[in-house]
Amino acid sequence: MKSSELTVALFVVGIVLLIIIPVPPVIMDFLLIFNITLSIIILLTTMYVKDALDFSIFPSILLITTLLRLALNISSTRLILSNAYAGGVIQAFGSFVIGGNPVVGFIIFLIIAIVQFIVITRGAERVSEVSARFTLDAMPGKQMAIDADLNAGLITEKEARERRMEIQQEAKFYGAMDGASKFVKGDAIVSIIVIIINIVAGLIIGMLMKGMDINRALNTYTVLTVGEGLVNQIPALLISTATGMIVTLSASESNLGGDVIKQLFNQPRILKVAAGLLFALVLVPLLPKLPLILMGSLFAYLGFAGAQKVTVKEEEQEENIKELENIRDPKKVYELLQVDPIELEFGYELIPLASGELLDRIVMIRRQIALDLGIVVPMIRLRDNIQLKPNEYVIKIRGNEIARGKVYIDRYMAMTAGEIDEDISGIREKEPAFGLPAIWIDENEKSKAEARGYTVVDVPSVIATHLTHIIKQHAHELLGRQEVQSLIDNIKATNPALIEELVPKLLTIGEIEKVLSNLLREGLSIRDLVTILETLADYAPIIRDTDVLTEYVRQALARAISSKYAAGGKIEVITLDPSVEQLISSSITQTEHGSYLALEPSLAQRVLRSIHELVKKVTLKGGQPVILTAPVTRFYLRKLVEQISPDIVVLSYNELLPNIEVTSVGTVRLNES
C-alpha cells in the first residue's frame, strides 16, 4: 500500500477512534484548528478550479469532513459535560463571540446554523439533484456525438475513449454530489440538536453533580456550548459554501475569481449608475456620509477606468473587423503576389537593431551603392522571423534566400588575415560576407585585439557589410525595366536629344536593361550612364546583339575599368596562349538569335584546369586574378571562366588605357589531358 493511501486510511480510522476514546483538551485544540484549516483549504480549492471534475474527490472529502465534525462534536461534548472545560479554542470562541452575554452568543449561533441549513444547504442540495438529473439525461446524446466524431474521422480512438471516460466521471461525480449534499443537511441538523443537548445536560450536571448555582451553571455551560457550536459550525459553513460552489460551477477558461472580476465589473455604465446612486444617498438625512462618499468614489473610478478599457477594446475590435474586411477583399489577394526586391529577416534577439543603428546603416548602404554602381537600391524590407535562431539573419533577393549569417548582439567581431591567436578568448566563426577567420569577443577583449592588429567591428557593421556585398553581387537582378526607365528619365532632363535618338528608335528599354545588367554582373558601375547611352546610340544602328553592344560599352568605359583594376597605372594579368585564343575564337558559333561558345568539353576542361592553377597561384600571393584576352574572345572566355568562380575578372586589351603597364604572371595553355 502506498504511503498516501495508508495516511488517508489511518486518518479515517482515527476519526472513528475519536468518537470512542476521550482526548485531552490540548489535543482537542489541535484537532479543532486542523478542522478549520482543512475547511478553508477546501473552500479555496473550489474557488480556483475551472471545472468540477478537477476536484472530483470532493464528495468523498465531504463525507470525511462531515464525519470529522461529528467526531469533534461528540469529543468536545464529552469534555464539556465531564470537565466543564474543553480546551482554549472552545473557551476563546465562546468568550469572544458572546462578549459576556450568553443570550447574544446563542442567537449568533442560531443565525449561522439557520443560514447554513435553510439557505446554503438546501440550495446546494437542490442544485445537486438537478445537475445529476441533467447530466444523466445528457449522457446518451454525448455518447452519440462522440461516436459520430469517431466515425467521421474527426477524433482518434484514443480521444474517443478519453471523452467517454470523462462523461462517465462527470455522471459519477454529480450522482455522488446528489447523495453527499444530504451529509451537509444532516450535519446542520445535528449541530442544532447537540447545542440544545449540551445546554440542558450541562445545567443538570452542573447543578446536581458539581454543586453549581443556576447562574454559574448557565454561564459556564452556555459559554462552552456556544463556543463548541461556533468552532464546529464555522467549518461546516465553509464546507457548505464549498459544496454550493462546486455544484454551481460552470465550465470556464478561468477560475471563479477571474470570472467574478471579468463578468461583474465588465459593464462600466452600471458601475457609474451605482456610484450616482451612492452620491444621491448622501443627500438623505441621518445616513453616514463618509462611507457613501468613499464607496461612490470607488465605483466612479472603476466605472471611468473600465470605460477607457472598453473604448480601447472597441477600437481594437474595429481594427480587427477592418483587417478582416481587407483580407476578404478580393483585390487584397493581388497584394500577396508582390515580392520585395530585398529582404533582411532576423531572429528576435536582433529586433532592437532594426529600429536603431542598423536602419541608419541601410540608408548609408543605399547611398554608397548609388555612388559605386550607379543604381538606386529599392527599399530594403526589415522583418523579424521567429523561425530563425535568435541571433541569426537571412538576406533574400526577390523572395529567395541568398545568404544567412550569425551574430552575437553583445559582442564584437575581430578579424585578421592570418590565424586567430589562441590567447584571445571568444566564439570562433567565419566572417559572413567573405568567409575570413573571425572571433566574437567581449568588450573587455576589444583593446587587446586592436593592439594586435585585428579589425574589430560591431554587429550593425557586420550585417551592413554582408548586405552590401550581397547587393553588389546581385545588382543585376535588382535592375528591371522600370528601374532603367527611371534612370533614363533622370538623364533625359539634361540630355533630351540623346534619349530621343536612342529610345525607342534604336533600342527598347528591355535591350538597354540587358546591356546594363551585363555590366553590373561583372561588377562595373553604370553611374556614367551618359557615356553608356552615347556608345549604344553609336553602335545600335548596325548591331542589335546586346552582348556585342556590351563589349563596345566596356571599351568606352576603359578609363573607369583601368582605374578600378590598374591602381597606380600597373596591372598583373594572366594571358592566353595564342593557340588558346585561336581555339576559343574558332569555337564561336553565330546564329540569328546571337552567338555562343561551342567548345569541345574535353578541350574546355583542359583550358579551365590551366586557368584554375594560375588563379590559385595569384590568389595565394594575395593578388586579384585578372585574365587579359582579345576583344573578340573576352565575352565567351568570361562565360567559360564563370564555371570556376564568378569573381575572376576577364578584360580585353581595348578596355585598358594605353599608358597602363601590364605584367604577365602566367599564360593559359592547353594542358595535356
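Using the three backbone atoms N, Cα and C, a Cβ is placed for every residue, glycine included.
Caution: TrEMBL annotation is automatic and unverified by curators.
Range 55-72 is the one annotated as transmembrane segment, of 55-72, 289-306 (source: TrEMBL).
Taking every listed stretch (30-49, 55-72, 79-98, 188-209) in turn, the largest tally of C-beta pairs under 8 A with the transmembrane segment (6-23) is reached by 55-72.
Packing against the transmembrane segment (79-98) from elsewhere in the chain are residues 22-23, 25-26, 28-29, 32-33, 104-106, 108, 198, 201-202, 205-206, 210, 220-228, 230-231: each is 6 or more residues past its ends and has a CB under 8 Å from a CB in it.
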